[in-house]
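Pulled from Swiss-Prot, these are the features on record:
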- 138-193: ATP binding site (BINDING)
- D262, E275: Mg(2+) 1 binding site (BINDING)
- E275, N277: Mg(2+) 2 binding site (BINDING)
- 108-308: domain 'ATP-grasp' (DOMAIN)
Amino acid sequence: MSGIDPKSFGKVAVLLGGASAEREVSLNSGRLVLQGLRDAGVDAYAFDPAERPLAALKDEGFVRAFNALHGGYGENGQIQGALDFYGIRYTGSGVLGSALGLDKFRTKLVWQQLGIPTPPFEAVLRGDDYAARAQGIVAKLGLPLFVKPASEGSSVAVIKVKTADALVPALEEAVKFDKIVVVEKSIEGGGEYTACIAGDLDLPIIRIVPAGEFYDYHAKYIANDTQYMIPCGIAAEEEARLKKLARQAFDVLGCTDWGRADFMLDGEGNAYFLEVNTAPGMTDHSLPPKAARAVGISYQELVVKVLALTLKD
């Protein structure tokens, strides 16, 4: 495996499950990661923090963790802080990058300040006068819009709003998941894309063409009719520029090692970054394995390469 001795990893916990709205996705990701690591000869074991205390990791001699948790405390810096406390190396971003990366509202504030293009948006707080806010938002941003809880992943509770009358019900639904809701102008005309990041690997950008309105939870993890275009149809020079911009969007949030940066193109080819993902899904529907396969890297090789990023100083 690329010159890496699987014994160099020591005893590895694959963190999976957890207690967020994305538990089932995490279980699916984690089981595949576990199988891939074991097939490569890594001494790896499943560990569900919703069922066992994290202190057991230290007590049972784990020295490294592959974080396959999605959303909630698995992705918002809490697990990362606990692993730092116990001295256990782990995949993905640290506390700051994880916390910022899961928070769409604060991500967009950082990007705006640093000139990373992102769709125009407004933030709505739980308890606001939704009717008054909706009227002002439609007047300012127009339609269609996307309504997103600030800190849920896998497109949980993301709603596309096409009419002014639909915005208030969408806000009422989204605030069930988070006290801050992002209402974002929908970027139309050029499609949805993702740039996968894994150390220094040069992975291709993927164009995502869902059968439905947008790349929602169903399209990501259930449907078989979502199309993934590799190559993505962007000219090589422009794709290289967008990869560099995606890496910058990832880095300025304090994110490290591996993840994804998702963006839209408008009808003129301008990119608008939507969010990053610091603990991407690793199911058979997920994007990083697809990008890796396109350049000849198997699932097993990918999970070992990601885990190997924990060996660096």
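Even glycines carry a Cβ here, placed using N, Cα and C.
Non-local contacts of D262 (Mg(2+) 1 binding site) by the CB criterion (under 8 A, 6+ apart in sequence, same chain) comprise E192, Y193, T194, A195, F273, L274, E275, V276, N277. Cβ neighbour density within 10 Å is lowest for A166 among the binding-site residues A166, I187. Sequence-distant neighbours of V138 (ATP binding site) (same chain, 6+ apart, CB under 8 A from its CB) are L145, A164, L167. Each of the binding-site residues L145, I159, I180 was scored by how many other Cβ atoms lie within 10 Å of its Cβ, and the smallest score goes to I180. Ranking the binding-site residues E173, E275 by how many other Cβ atoms lie within 10 angstroms of each Cβ puts E173 at the bottom.
Per-residue confidence over the domain 'ATP-grasp' (108-308) averages 93 (mean pLDDT, predicted model). According to DSSP, L145 (ATP binding site) sits within a strand segment.
Within 10 Å of the C-beta of N277 (Mg(2+) 2 binding site) there are 25 other C-beta atoms, taking all protein chains into account.
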